[in-house]
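Asker: Supplied in structure tokens, the structure appears directly below.
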Amino acid sequence: MLQLPCTDGLPHHSISASSDFIALPQIADSTVQMGQKFLLLLLGLWVLSCSLLVHAASSDGLLRIGLKKKGLDLESLSALKLAQKEYHRRKKCSTHSNLRNSDADIVPLKNYLDAQYYGEIGVGSPPQKFKVIFDTGSSNLWIPSSKCYFSLPCYFHAKYKSAKSSTYTANGKSCKITYGSGSISGYFSQDNVLVGDLVVKDQVFIEATREAALSFLLAKFDGILGLGFQEISVGDIPPLWSNMADQNIIDKKVFSFWLNRNATDESGGELVFGGVDPKHYKGDHTYVSVSRKGYWQFDMGDISIGSYSTGYCAEGCAAIVDSGTSLLAGPTTIVAQVNHAIGAEGVISEECKVVVKEYGDLILELLIAETQPQKICSQIGLCIFDGSQYVGTGIDTVVGEAKKDSVNSDVFCTACEMAVVWMQNQLRMNETKEMILNYANQLCEKLPSPMGESTVDCGKLAEMPDISFTIKDKTFTLTPEQYVLKVEQLGVTQCLSGFMAFDVPAPRGPLWILGDVFMGVYHTVFDFDDNKIGFAKAA
């Protein structure tokens with residue numbers, strides 16, 4: 001889940017939302033805007049949840065929170081499809097109640113239901129128990145309020161009663177989050193928060209007084225506990241881990257996730273505050289610096305399919321590690337190549353096929369002539385931006401009339417840009433012209449569907465290639481058994497690709513979201529003292 005900040009007068013993108021996230025702010029003169037809590041994908045499957053078996057801090061000084069996983073059935077998968085992308089919807093949000101301006105990324109993400117890693121915390125004195133998602137993609141804590149009278153979801157979840165807490169401090173500033181599938185609104189309050197046997201004093205959080213979304217009714221969690229940076233915190237509220245450090249209740253300014261991907265185990269893993277557990281990983285961690293605070297964002301290198309490069313991120317891509325996202329999300333250009341390599345079913349893009357048919361020869365000629373790849377689509381008249389400036393097309397293109405009737409006027413430009421990357425990779429492999437054009441045409445038939453799902457043959461995992469990510473010159477590999485997810489219903493198993501298409505334009509993109517599929521294979525350390533992220537093979 002990614003939470004995005006509201007900044008005065010700045011446009012915001014939205015995407016559908018659900019229990020996991022994606023929020024978009026709306027104008028409300030008397031309402032504190034809540035930024036955007038973007039939840040990204042889950043599609044698929046192995047949505048692990050975490051019912052928190054909260055353990056006391058052990059003799060080694062670590063606070064362990066046990067996680068349990070919940071299987072995903074086909075009914076849940078159907079629910080996921082209710083969440084739709086809503087790209088390029090722009091809203092403005094007010095800065096009422098002292099919301100601060102921030103230069104944090106505005107990143108639109110796709111939202112799905114049921115991406116639920118949740119655990120138990122206590123709020124107040126004596127502590128009132130709540131199940132919350134531990135989400136590295138957002139930074140605020142919110143829970144249902146006892147004053148939530150008119151929303152059905154509140155009647156099925158624990159509610160905070162301030163009158164029963166001796167440590168409650170009123171705040172009262174109002175707030176609202178609008179999701180693609182509903183909304184949540186309420187106000188800020190302050191109280192002690194119990195995590196394991198550690199008490200974080202005077203934590204500011206949100207009491208939700210209205211939950212207008214089906215997703216909240218079906219959710220296994222009561223609220224969300226954000227583990228991102230303060231830069232994207234609504235109201236500029238310090239996140240819980242920051243207060244843990246300031247109050248000296250943890251030895252090290254670190255927390256770490258170990259996700260158990262063994263489907264037969266009841267335990268889903270552990271979230272550890274104050275350090276790392278050596279039993280959770282093998283070898284040493286590879287650390288990479290946080291490139292931009294807000295999300296846990298870093299610079300990632302190339303992505304390979306088997307032994308060859310996909311090309312698109314060879315010069316670098318931004319990446320975000322997000323415990324609130326179940327799958328791996330990346331640029332459509334790469335996901336289409338992955339789909340083709342693993343035999344995943346997608347949708348046929350007629351616009352893409354038109355570009356390959358009508359412009360394939362010209363694209364190849366320009367690539368062979370060593371024309372800068374980012375300028376090719378503008379030179380042939382399909383894009384108005386060449387990577388550095390806007391240009392006039394000056395060409396009466398073959399697809400001109402089709403473009404006039406297109407719902408998305410950028411679709412041909414996008415198809416062209418993808419075709420350039422695909423053909424460039426094939427040229428590097430010294431393929432023939434016929435093979436290159438045929439390959440590009442095949443990829444036009446493997447583009448992810450608008451709902452994001454891509455099915456694969458469960459019986460062909462042994463034939464599928466490994467997919468590798470380059471992080472700080474080190475290769476992190478996922479095998480087919482690790483990136484293909486299985487859903488079972490009435491004894492029937494369906495396999496889905498763990499990759500989801502997600503496009504963010506430059507300069508913020510290209511962007512990858514490394515969710516649970518990746519974090520389950522690689523133990524992840526979040527070091528907020530040195531602002532770095534560490535990855536090691538999970539034990």
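Keep in mind that glycine also has a Cβ here, set from the backbone N, Cα and C atoms.
Since this is a predicted model, take the numbers as computed values, not measurements.
Here TrEMBL flags Asp135, Asp322 as active site. Taken from TrEMBL, the feature disulfide bond applies to Cys148-Cys154. Annotation comment: TrEMBL describes 117-536 as domain 'Peptidase A1'. The domain 'Saposin B-type' annotation in TrEMBL covers 347-387, 409-450. For 38-58, the entry in TrEMBL reads transmembrane segment.
Structural setting of the listed features?
Answerer: Note on Asp135 (active site): other Cβ atoms within 10 Å of its Cβ, all shown chains, come to 29.
Taking all protein chains in view, 33 other C-beta atoms sit within 10 angstroms of the C-beta of Asp322 (active site).
Sequence-distant neighbours of Cys154 (disulfide bond): residues of the same chain at least 6 apart with a C-beta under 8 Å from its C-beta are Pro144, Ser145, Cys148, Ala208, Glu211.
Residue counts of the domain 'Saposin B-type' (409-450) by helix, strand and coil are 29 helix, 1 strand, 12 coil (DSSP-based).
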Asker: Calculate the distance in Å between the alpha carbons (Cα) of Asp322 (active site) and Asp135 (active site), and round it to a whole number.
Answerer: 7
